[in-house]
Amino acid sequence: MMGGAISVTSAPGQGAEFLFACPLESTAPLAAAPPPPATTTLSVLIVDDNASVRKALYEAGRSFGWHTACASGAGQARALLIERAHAARPYDLLLLDQDMPGTDGPALLQQLPPELALPPVLMMTSEHRAAILAQQTATLGLAGVLAKPVSPARLLERVSALLAGDQATAGLMAQLEHTPLQDRLSGMRILLVEDNEINQEVAEYMLLHAGASVEVAANGKLAVERLAAAPERYDVVLMDIQMPVMNGYDATREIRRQGLLTLPIIAMTANVLEDDRRRAAEAGMNAHVAKPIDVEELITVLTRLVTIRDASRDMVAPV
């Protein structure tokens, strides 16, 4: 029917092998999806002491249409940043390795002249250090963290989200402009349990901006382990529901089983149906806030619950 042939060979007790051949027309190779237009004219400085990493990122950037430059260390990077600033042609993005000999990435940022206007900085680090570094984004002035190895697809995804201002991030920034946050959560110790890196950065930025101290756990199991090791370390837990390894419901049940009955746990999820609220309450959660996060709503819930918990700590048991 198709101008081809089919054959079969069979051996008792061993099985059968079917073969066929047919003529087909060749097709043109699929073209790779072009990068988003907003990223194609970027001027990017790549700073990494590993030559292989620099080359890979350089080639990826060139394939996206970026104008890329490379530096093998902090000294060279500092010179390039200052040179471009003086020429009124600053870089649009800085890809900076965290761990370099001599002066590392964070030290370089601290040593740059204060009058130098830095481009957004994406700091690259090893997978096991990414979560720790993500907790320092506000302190270091980072736009985000990239875990190594950085694939071209991952790089383009993060840079595109950064330039587009990811919807959640853009919504948060708009709220921050109209919501005075200074010191509203001052002294509050928060455990943020969230697996999505962008959601981590959005929530952490807002909480730090309001004066809280924040630590991040990427799934429920890690949160349970942290609280088992240091039950008095946190004033409140912000708990995502849908996470790998252990979800928010199971993590909350385990935390309550550990005896942490008065620790406020706030569910964060896009699901706001009555059934979802009921499940959160049955698991032992104290409140529920919807994603994308409404800054004012979250701060109101946090201050109400943590104040209640602090007051309960001060109560004297009857004798």
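If you go along the chain as it appears here, the first residue is 1 and each next one adds 1.
Each Cβ is built from the backbone N, Cα and C atoms, and glycine gets one as well.
In TrEMBL, annotation is done automatically, which means it is predicted and not curated.
Over in TrEMBL, the protein carries these features:
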| type | residues | note |
| --- | --- | --- |
| DOMAIN | 43-163 | domain 'Response regulatory' |
| DOMAIN | 189-306 | domain 'Response regulatory' |
| MOD_RES | D97 | 4-aspartylphosphate |
| MOD_RES | D240 | 4-aspartylphosphate |
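Distance between Cα atoms for D240 (4-aspartylphosphate) and D97 (4-aspartylphosphate): 30 Å, as a whole number. DSSP places the residues of the domain 'Response regulatory' (43-163) in helix, strand and coil in these numbers: 57 helix, 26 strand, 38 coil.
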